[in-house]
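Enquirer: Let me begin by handing over the structure; questions about it come next.
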Amino acid sequence: MSTTTRLASLAALTLALMAGPAVAADTIKIGVNEPLTGAFAASGTYVVNGAKIAADEINAKGGVLGKKIELVIEDNKSNPTEAAAVAEKLITSDKTPVLMGAWGSSLTLAVMPKLEEYEVPMLVETSSSGKITTSGNPFVFRISPPSALEAASFAPMVKKIGLKKVDFLVINNDWGRGAAGDFAKMLKAEGVEVGLTETMDQAAQDMSAQLSKLKSSDADTIMMTTSVDQLTLLFKQMAALGIKKRVITTGGSQNPDQIIAQAGAAAEGTMHLTTFLPWAPEKTPDPAATKYFLAEWKARGHQFAGATESFRGYDGIRSIAAAIEKAGSAEPAAITKAFWDVKMTGLNGPIAFAKSGPEGKESGQSKPTVYLIKIADGAVSEVAL
Amino acid sequence: MTRLLPLALLVVLALLPLGLKDPYLLNALITTGIFTIGAMSLNLLLGYTGQLSLGHIAFFGIGAYVSALTSLGFDVGLPFGLRVTHEGWPPAAGFLLAVLIAGLCGYVVGRLSFRVRGAYFVIVTISFAEVVRLVALNWIELTQGPLALTSIPFMTLGLPGLGEMTFRTKIQNYYLVLGVATLSYLLIARLVGSRFGRAMRGLKENEPLALSVGVDATRTLTIAATVSAAMAGAAGSLYAHYIRIIDPDVFLFSYTVTMVIMVVAGGKGTLVGPVIGGLIFGLLPVALRPVMAPEAQWIVYGATLIVILFVMPRGIAPALAALGLPKRAPAAPKPEPARASS
Amino acid sequence: MDQLLQHLVNALVLGGTYALLGIGLTLIFGIMNVVNFTHGALYTVGAYAMYIAAVGLGMNFFVALPVAVVAGLALGALIEFTLLRPLRGADIDTTMLVMIGAGIVLQSGALWIFGGVAKAVPSPFPDAPLQILGASVSWLRIFVFLAALTLIVSAYALINGTRLGRAMRATFQDHDTAALMGVNVSLIYTATFALGSSLAAAAGALLGPVYVVFPQMGDLAAVKAFAIVILGGLGSITGATIGGFALALAEEFGAGYVSSGYRDAMGFLIIIAVLLVKPTGLFARAERIG
């Protein structure tokens, strides 16, 4: 019964909206498509909380084009089918002219056909799969680095650290597999030997088997790509197995503070490739913005450890606002065009989109700064090279 | 009642897009429809033979992958230095192959697993689905693993006299799904009403008795499993060409749970049950989305499930039928024995 | 050689916890004929109860453990009383679906209350591992292993050495006759479900400090528990124990020597193979089919 009523009321609403743009919107809507329940709930929630800070900051300064921005936040349930449905809802029911999303790569890839269908642009804040910017979707603009880019940024550091032989232990999804592939290619080009590549299921909690295998390998370094929770477990289990090899993690979702808090001494000496330095705001490209963001993050009662994840939501919304400002109107086509002209300083470096993918249908890819940090004496420090 | 309800439902569903222009709701109806086809196919096993398959998504996923790979093409190395290279074929061929190969898998799994019953069968099917998911995840050369198959073409259909039709818009896909669903419904209705259907029900209600009157249990169950898997494969193919990207997440256990909920809450062993259950549990999340917090939506979803089963332990459709027909027709299913096979 | 020994030690430690996960489920499965889809959620509840007690309320680690187990016991009894008792006589699919619904509610409730960010429970043991012949293992894992064995042996003794256990076994074999002989079958069902639930919660409370605590932690645990139960045969504590160790060995050596991508497939492949050869599981008593 209630379903029927809902259908009817929504249909009526749609008709009203289709009657014309007479319903003058006094806000500019931005659709946010993130996992708030299911396997990636923690990360998606962080990103949304970062996005809210950006929206409130922009609105406090008078909004964009004289209007306030309004985030329409929807949960994609960590499920690709739902991610596509959410995009459909945001674009067609809520009439958002631009989206941000959708955290994971399979969630983002599921949304992409919808962007082409409705010609609405989306800012991709977290996904790392190469396919997102190489499959010829001109409505995609990404601020997170794909693993090939991260590997390229790491290349100059390889010799200085003195890597000789590297094994990989990665989460068995596009992110981990992509990182293992791209870093291995880069390392070989740098003359570093590449040994084993071990994988673990996204939900796995006991990785002793994989670690035992790596323990007996002759590599001096293990490169790891996975979520902060699995990294914490890996460090604890490495300590239990008595593995003392150099560890370098990639992917930029490490939350070193959570690792220090939860893995304790087991995290000592580990190195992490990251794109944001919240523990050293003065070293970030825009110290004032970083300090504002961190203060606001703390004031809202969020855990400091989440900042390495949530800053992408913050930067994502700020990039979108910049594009809308440049576009001069909140129309999807104008915003898509304006994204190419965005030039701003994000919390992790310059945000500007370079063309990527097949000619004529290029996606936009920004190139963030990559830092190498080390955990020593229970604190985080940047590795000076 | 039992004859009119499905027909009325079909008419309503066929006319719905004329009044409903909201693409979001159409999209929800299309994905709901696809999973309802999956639920109907599951009902053939669960409802009519009493065998609970908790690995049904495996056939759905196999259908999706077969159809996507057939239309995209692939190039894969096999043991002994063999190499298979395949250029993309039209999606309609993918659909047919999806039905055939999913059906074949259903046959093999059925042959092997019907040596066990009850809870053991449940676990064999879960195991099968997990193994298939892990193969899809790790056989990267064929499936691209977690990197996903993208840019899957729209479904196209060459119709004699009408030329080639591409299912690009939502309305087109809506009627495509509705058409396949109607065909599946008719096929199941036909099958259930036949001698074969009586054999299935006989096995469910009293296996020793059915065996004693000459029903070949393994053969009957295997045929049911084959048809059921083929139908799930068809739904998977529709899914692949509608969503246009698939990755091993298509084998998520939660999709199987969704289909089981649709069947059991709707009324297993009835023809309209999975359709009613499918519409309710497919559209419930859509209705809940604007009303409450994401976590609360899940809590209400779970609680709704519990309440429906408390009020109507045999599902919605049988409860509705009992309302409409105070005097139970003799064909109505008998109450289950308290201890089902274990 | 070192690697082989390390894998063996890992498998032994992991197997103990797998066995603990399995026996709770096998009891409920075997005695009540309920496919308990809240098992994973109760495991999660046990871990969160441990977190609340040890971190939130600042209790001693060894005091917090029994508190978490009692929480699981109480919640199990509540679920049986409110959800399963009214559905006695309904078929196995209906009760299974109600359990799925309850599992969704519990898991989403955990997400709602605690959020998705993982919590850690500090270990009271030294960080430096114990070294034996080149293999090493953490003190916490040794404690968890011993605690799991103690719980398994206690459960076994309860089932085989007490009046309650005898009544449970009688109910398992033939609940009608048991009822005729004066066994309070309703009480036995509540006791069984509460016992099974407390074992799941105990597994969660023991493993929470080893791993981390988050709302979806029960999903994988439940899948493993199902695998273990089927390997061992329904209703058999001995079977579930051996099943737990067998699964751990298969995973450990599968990941170590075959391919880590197929680590989680090993258990399922064994299950399929076992059922094809011996359809009633490795250790089950002969059961009627149909």
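Every residue, even glycine, has its Cβ placed from backbone N, Cα and C.
Bear in mind that TrEMBL entries carry predicted annotations, made automatically and left uncurated.
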Enquirer: TrEMBL lists transmembrane segment for one of the ranges B:146-162, B:197-213; which is that range?
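Expert: Transmembrane segment, as annotated by TrEMBL, spans B:146-162.
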Enquirer: In terms of Cβ proximity under 8 Å, which residues at least six beyond the ends of the transmembrane segment (B:298-317) contact it?
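Expert: Residues packing against the transmembrane segment (B:298-317) from afar: 261, 264-268, 270, 272-273, 276-277, 280-281, 284-285, 288, 292, 333, 335.
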Enquirer: Residues sitting near the transmembrane segment (B:146-162): Cβ under 8 Å, six or more positions beyond its termini, same chain?
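Expert: That would be 65, 68-69, 71-72, 88, 90-92, 95, 137, 140, 168, 173, 176, 238, 240-248.
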Enquirer: Count the Cβ pairs between the transmembrane segment (B:92-112) and the transmembrane segment (B:174-193) that lie under 8 angstroms and are 6 or more residues apart in sequence, then report whether there are at least 3.
Expert: no
Enquirer: Of the listed stretches (B:29-46, B:221-243, B:250-266), which one yields the highest count of Cβ-Cβ distances below 8 Å with the transmembrane segment (B:174-193)?
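Expert: Most Cβ pairs under 8 Å with the transmembrane segment (B:174-193) come from B:29-46.
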Enquirer: Do any residues of this chain, six or more beyond the ends of the transmembrane segment (B:119-140), have a C-beta under 8 angstroms from a C-beta of it, and if so which?
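Expert: Distant contacts of the transmembrane segment (B:119-140): 51-58, 61-62, 65, 109, 112-113, 146-147, 248, 250-251, 253, 256, 342.
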Enquirer: Need a quick answer: max count of Cβ pairs under 8 Å to the transmembrane segment (B:58-80), which of B:29-46, B:221-243, B:250-266 is it?
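Expert: Comparing B:29-46, B:221-243, B:250-266: B:221-243 has the most Cβ pairs near the transmembrane segment (B:58-80).
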